[in-house]
Amino acid sequence: MAYPFQLGLQDATSPIMEELLHFHDHTLMIVFLISSLVLYIISSMLTTKLTHTSTMDAQEVETVWTILPAIILVLIALPSLRILYMMDEINNPSLTVKTLGHQWYWSYEYTDYEDLNFDSYMIPTQELKPGELRLLEVDNRVVLPMEMTIRMLISSEDVLHSWAVPSLGLKTDAIPGRLNQTTLMATRPGLYYGQCSEICGSNHSFMPIVLEMVPLSYFETWSALML
């Protein structure tokens with residue numbers, strides 16, 4: 001979950017987000033080592049009188065600083081490509097939910113059910129109950145079963161939007177006339193918050209997303225009540 005004044009990433013709730021966190025740490029360590037090396041070299045050149053500051057040609061050095069960055073880029077690219085393919089892979093989803101962005105709310109349709117759809121609007125600040133989050137609560141949450149592969153079909157009715165839930169590692173553009181898809185699977189129950197992540201007009205900040213991940217039995221009860 002997110003915390004006030006949080007500096008790091010949110011706790012991972014899906015396998016994809018776990019992979020993204022590991023990749024972030026992996027890449028950050030490489031950047032830290034490179035920055036430390038560059039800082040050390042600059043400090044040495046400024047403090048050591050024996051440094052060759054007027055060298056015009058050094059084939060060995062040029063070879064090293066060509067091969068070494070190439071190796072580093074490969075070490076970054078390989079895990080990145082692996083995660084990219086994992087994010088696009090959808091194997092036998094148990095449930096499909098169609099999401100449409102509007103100015104300025106979301107519509108959801110459970111395509112596996114005959115008539116299960118609703119709109120999701122932000123709850124105004126003056127109507128919030130004690131303990132609810134400002135600018136993040138909605139009148140209709142998206143209830144989904146946990147530990148099951150779910151396919152989200154995402155599009156827009158008007159302008160560009162972006163459907164994003166950070167703790168699940170999700171961010172997919174909602175484009176008018178185009179149907180994008182992504183997959184999600186939560187490893188534990190709970191409420192997961194997101195927001196529209198593409199500037200879409202004056203009320204862009206008032207398009208929250210709330211996913212309520214529950215056990216399958218609870219989801220079946222909820223869907224029966226909604227029909």
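Just so it is clear, glycine is given a Cβ too, placed from its N, Cα and C backbone atoms.
What Swiss-Prot says about this one:
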- 1-14: topological domain 'Mitochondrial intermembrane' (TOPO_DOM)
- 15-45: transmembrane segment (TRANSMEM)
- 46-59: topological domain 'Mitochondrial matrix' (TOPO_DOM)
- 60-87: transmembrane segment (TRANSMEM)
- 88-227: topological domain 'Mitochondrial intermembrane' (TOPO_DOM)
- His161, Cys196, Cys200, Met207: Cu cation A1 binding site (BINDING)
- Cys196, Glu198, Cys200, His204: Cu cation A2 binding site (BINDING)
- Glu198: Mg(2+) binding site (BINDING)
- Tyr218: phosphotyrosine (MOD_RES)
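Annotated features taken from Swiss-Prot, shown on the structure.
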residue: His161; record: Cu cation A1 binding site; Cβ within 10 Å: 30
residue: Cys196; record: Cu cation A1 binding site; Cβ within 10 Å: 25
residue: Glu198; record: Cu cation A2 binding site; Cβ within 10 Å: 18
residue: Cys200; record: Cu cation A1 binding site; Cβ within 10 Å: 21
residue: His204; record: Cu cation A2 binding site; Cβ within 10 Å: 17
residue: Met207; record: Cu cation A1 binding site; Cβ within 10 Å: 27
residue: Tyr218; record: phosphotyrosine; Cβ within 10 Å: 15
Intrachain residues whose Cβ lies under 8 Å of the topological domain 'Mitochondrial intermembrane' (1-14), provided they are six or more past its termini: 20-21, 24, 166-170, 184-188, 190, 192-193, 213
Environment of His161, Cys196, Cys200, Met207, the listed Cu cation A1 site - residues of the same chain whose CB lies within 8 A of the CB centroid: Gly101, Gln103, Trp104, Trp106, Ser162, Ala174, Gln195, Ser197, Glu198, Gly201, His204
Cα distance (Å, whole number) from Cys196 (Cu cation A1 binding site) to His204 (Cu cation A2 binding site): 7
Cβ-Cβ under 8 Å with the transmembrane segment (60-87): same-chain residues at least 6 beyond its ends: 16, 19-20, 22-23, 26-27, 30, 34, 169, 182-183
Env. residues of Cu cation A2 site, Cβ within 8 Å of mean position of Cys196, Glu198, Cys200, His204 Cβ: Gly101, Trp104, Val159, Leu160, His161, Ser162, Ser197, Ile199, Gly201, Met207
Long-range environment of the transmembrane segment (15-45) - Cβ separation under 8 angstroms, sequence gap at least 6: 9, 51, 53, 72, 75-76, 79-80, 83, 86-87, 167-170, 184-185, 187
Whole-number Å value for how far Tyr218 (phosphotyrosine) lies from Glu198 (Cu cation A2 binding site) (Cα to Cα): 33
Integer average pLDDT (0 to 100) for the topological domain 'Mitochondrial matrix' (46-59): 72
Local backbone state of Met207 (Cu cation A1 binding site), from DSSP in three classes: coil
